[in-house]
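Annotated features, as they stand in TrEMBL:
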type	residues	note
REGION	B:1-23	region 'Disordered'
TRANSMEM	B:42-63	transmembrane segment
DOMAIN	B:45-448	domain 'Major facilitator superfamily (MFS) profile'
TRANSMEM	B:84-106	transmembrane segment
TRANSMEM	B:112-140	transmembrane segment
TRANSMEM	B:214-238	transmembrane segment
TRANSMEM	B:267-287	transmembrane segment
TRANSMEM	B:307-327	transmembrane segment
TRANSMEM	B:334-353	transmembrane segment
TRANSMEM	B:359-383	transmembrane segment
TRANSMEM	B:395-415	transmembrane segment
TRANSMEM	B:421-444	transmembrane segment
Amino acid sequence: MCCREGPRWGRGHCAPSPTLLLGLLLSAAPLGLLGEETRQVSLEVIPDWPGAPQNLLHIRAVGTNSTLHYVWSIMGPPAVLLVATNTPHSTLAVNWSCLLSPEPAGGLTVLPRGSVQFSSALVFTRLFEFDSTNTSEASAKPPGKPYPPYSLAEFSWNNITDSLDPATLSATFRGHPIHDPTGAFANGSLAFRVQAFPSSSRPAQAPRLLHSADTCQLEVALVGACPRGNRSLFGLEIVTLGQGPECPSVQEQHSIDDEYAPAVFQLDQLVWGSLPSGFMQWRPVAFSQRQRGRDSALPCQASPVCLTLEYPLPQSPIVRAFFGSQTNFCAFNLTFGAPTGPGYWDEHYLSWSMLLGVGTPPVDSLSPLILGIMAVALGAPGLMLLAGGVVLLLGHKQCSEYQPIN
Amino acid sequence: MEEDDEEARALLEGGPNEAGRGAPAVSAVPGALPALCDPSRLAHRLLVLLLMCFLGFGSYFCYDNPAALQTQVKRDMQVNTTRFMLLYAWYSWPNVVLCFFGGFLIDRVFGIRWGTIIFSCFVCIGQVIFALGGIFNAFWLMEFGRFVFGIGGESLAVAQNTYAVSWFKGKELNLVFGLQLSMARIGSTVNMNLMGWLYSKVEASLGSAGHTTLGVTLMIGGITCILSLICALVLAYLDQRAERILHKAQGKTGEVIKLTDVKDFSLPLWLIFIICVCYYVAVFPFIGLGKVFFIEKFGFSSQAASAINSVVYVISAPMSPIFGFLVDKTGKNIIWVFCAVVTTLAAHVMLAFTLWNPWIAMCLLGLAYSLLACALWPMVAFVVPEHQLGTAYGFMQSIQNLGLAIISIIAGMILDTRGYLFLEVFFIACVSLSLLSVVLLYVVNRARGGNLNYSARQREEIKLSHAE
C-alpha cells in the first residue's frame, strides 16, 4: 500500500451509515442484490492528474440497491476493472499520484470497502498475427506461423473524451503502435468500443448478444491495418485474475437457437467462481466486413485459460492499483478466422464483440415469432384432427341409428 | 397421329393400367445370336437395364453438386446463401414448363432415341457451363449452366422411364423402375460423399483453393454426364437394332397433355397437389442447405456431414421398393401419407428443437420420404380419369418445381437473415400445411365416399364388381 494522502477523487452521495450497510448485508444474500431490471447509467471520464496524458473511463450503473462500476483504462494495456457493490451509493476513489507511481497499489478504491461483493479485471495484452498460408487444418494450433505480436501496452491511444457519446452510453479507445517501423498501422487502428446499457435489449447488428442493465459491451475492431502476410489471421490475448490458485474456465454452451446469429449455435462464457458472479460472454464469431452478415462470419476459437507464470505480462496500473500485486493472472487467446473462408484480407476489417457483466449471464430464449409459428403449425393440424375425429364419430353414430332400416 | 396411337395400342400385350405406353412386340428371332447380343434374351435386357441406370446417373450425380460443395461454392464464388440457392432455383425454373412438354417432345418431335441423346447433351453442356462459371469466376455463368442443366435433367428422367416401359413392359417393369430410382439415389449419395474429397484433391494438386479449383472439380464431376451421354448413344443404337431385329416400335411416353383439363381437377386432386408441394419443399431445399447445418449445430466433420446429409437418399434406395410393396398390399393410401407426413414433422421438430443425434431424425426423414413417394403419387390415378392422367402428373411435377424454385430462394434468404432455427420452423410450417391438407383430404374423401382410402381388398372387390 502506498501513499494515502493526496487528492482523492470521489463521486456519488455521502457514504451510507454503518447501520444501513449492516442492515443491507444481513437482509440480502451477497449477490442476490445484483441482477436489476434497469439501472441509472452514467459515463464519466475521470480527468488525469495535471501533466500526465492519461485518463480513465468510469461507467457507473446504479440500481435500487446495488451499483456496478466498470473502470476502463488505457494506461499500459487496455484494461477494465469490474466491481459490484451492494449499495446504490458506492463511489470510486482515484488517487492519481499513487496510480501513476511505480507502486500503484491502493491508488484505486471503491468506497465503502465493505460493500464490494465482487471484483475482477480483464487486460487485453497482445494482438497476435499468424501466417496461415501453409496451414490447411482449420483447427491447427497455432493457426499458422506466428509473426511478432503487437504489445497493446506500447500503443498510443486517442483522447477518450472526444469519442464519448452520452446518448448511446458509449465511448471508443482507438490506438496504434507507438513504434511502427513497417507502417502497418499508417492507415489503420485498433479500436475498443465500450457501451453500457440502462436496460435489457439486443443490438440490431450481429452478433446481437442479449444484454441487460448488469452488463457492458466491448467491441474490438481492427480496421485498415496492413497485414504482414497474404492470409494473416489475428488473435487477441486476454488476461484475467485467477481465483486463488485456479483459473476460471471457458464454458461452451451449445444452444438450438441461432436466430440472432445465423449458423452460430454456441455461446462461450468465462465465469469467475460459482454463479452468480462476474462473467464474460461472447459468441464464437467475428466478422470480416462492416456489413456483418453470414458471408463475412469468421470462426473464433478460444484457447484454454492458463496461469501466466512462465512469461512476463505487461502490467496494467489500474489492476495493480485495485488488487495489489499479490494476484495470479490467467491468460487465454482468441483466434479469429480460419486459413480458408472469409478473413481479414477481404476488407482489412475485423470485429468481435463480448459482454462483461455481473450476475447470471443473459440467456437467449425463443423469440415470440418462432413460438407463434410453432403454436399455429402444430396446433392447427391437431385441432383439425380433433374436430375431424368428433365429426366422424358423430357421423358413425347417425349411421348406426339408421342401420335397422337398411 | 391417332394412327400411331392405334398402332402402339395394337402392340400392347394387355395390362390396361399402362394404356398408351409403347411396348416391345416380342417375336422369335430366326438365327442364333449370343445371349448378350440377342434382344429377346434376358442377358441382353440386363445389359440394356445397366445402360438405362447409368443414363440417369450423371444428372442425379450433378443435380446435388451444389449441396455437396456448399461451403466451397459460397466461399470461392463469394456469394451468400440466397444467391447460392439460386443454383437450385435455376434448375427448377425450366421444369415448371417442361414437365408438360417433355413427353410431347419425346413422342412427337424427337422420338425417344434422339430425345434421350438431346436431353443428355443438355445435361452435359449445362454441367460444363456450370463448371466454366467456376473457372472464370462468373456466378451468372454458373446460374446459366444450371438452367441449361435443368432443361435436360427432368426430361431425361421421362425419357429413361419411356425406355424402361419400352423394353420391360409385361416383364420386369416394376423391378426396373425400382432399380432406376435406387440408381438415382445412389448417384446423389455418391455425389454427396465424393465431391468434397475430390475438391480437396484438386486443391492439393492446384496448390490453393479458389474458384478455379471449384470449376475444375465440377468439370471432373461432369465426366459422369459424359458417361450418361455415352449410355444414351449406345442405348439409341441398341434400341434401333432391336427394332430392326424384333420389329418393335419405338417407345413412347403416351402422355397426352391437355391444359384445359386443369379446370376439371377435383378438390381431392388439388389437395394432393398441396400435400406434394408443401412436403417436397421441406425436404429438398433442406438437403440442399443441410451440410452446413450439421457442421455448425452438431459439430460434425465435413465428411460426416456429407454422409448424414445423404442418408435420406441412402434409405430411400432400398426402402422405396419395400414400401411400394407394402402400400400395394394394404391400400389405405391416405393413412400411409398421413404417417409419412407426421413422421417428417417429428423429424424436423427434432432437428430444430433438440440436440439429439441427428442420425435419428435424418433416418426418420429418409423412411418418411420413401413412404410418401410410394403412397402419394399413385393416389393421383384414383382421382383422375385415365385420359387426364398425363396432364395431372405433368401439372403435379410442374407445381412441385415451381414450389421448389420459390422456396429455395426463400429458404436461402431466411437462412442468411434469421438462421437455421427459423428455417427449420419455416419447414415445419410447410409440413404442417401438408399435414392439414392430408387431414382435409381424408375428411373430403370420407364425405364424398371417395376411393382414396380403400384397403387393397376393397379395391379388389370393386375391380371385380366392375368387371362383372
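One-based numbering along the chain as shown.
Cβ atoms are placed via backbone N, Cα and C, with glycine included.
What TrEMBL says about a protein is an automatic prediction, not a curated fact.
In this chain, the transmembrane segment (B:421-444) lies apart from the transmembrane segment (B:112-140): fewer than three C-beta pairs between them fall below 8 angstroms, excluding pairs fewer than 6 positions apart. Sequence-remote contacts of a segment are chain residues at least 6 beyond its ends whose Cβ falls under 8 Å from one of its Cβ atoms, and for the transmembrane segment (B:214-238) they are 39, 47-48, 51-52, 54-59, 61-62, 65, 69, 72-73, 76-77, 113-114, 116-117, 119-121, 123-124, 127-128, 130-136, 156, 163, 187, 191, 195, 198-199, 202, 206.
Same-chain residues lying 6 or more positions outside the transmembrane segment (B:112-140) and placing a CB less than 8 Å from one of its CB atoms are 55, 58-59, 62, 65, 76-77, 79, 83, 105-106, 146-153, 155-156, 159-160, 162-163, 166, 211-212, 214-219, 221-222, 225-226, 228-229, 231-233, 235-236, 239-240, 250-252.
Beyond the transmembrane segment (B:84-106), the same-chain residues lying 6 or more positions past its ends with a Cβ under 8 Å from any Cβ of the stretch are 63, 66, 70, 73-74, 112, 115, 142-144, 146-147, 149-151, 153-155, 158-159, 162, 252-255, 257, 259, 284-285, 288-289, 390-391, 394-395, 397-399, 401-402, 404-406, 408-409, 411-412. The stretch from B:267-287, B:307-327, B:334-353 with the most CB pairs below 8 A to the transmembrane segment (B:395-415) is B:267-287.
Within its own chain, the transmembrane segment (B:307-327) has Cβ neighbours under 8 Å at 67, 174-175, 178, 181-182, 185-186, 188-189, 191-193, 283, 287, 290-291, 294, 300, 333, 336, 358-359, 362-363, 365-367, 369-371, 373-375, 378, counting only residues six or more beyond its boundaries. Mean per-residue pLDDT, taken over the domain 'Major facilitator superfamily (MFS) profile' (B:45-448), amounts to 89.
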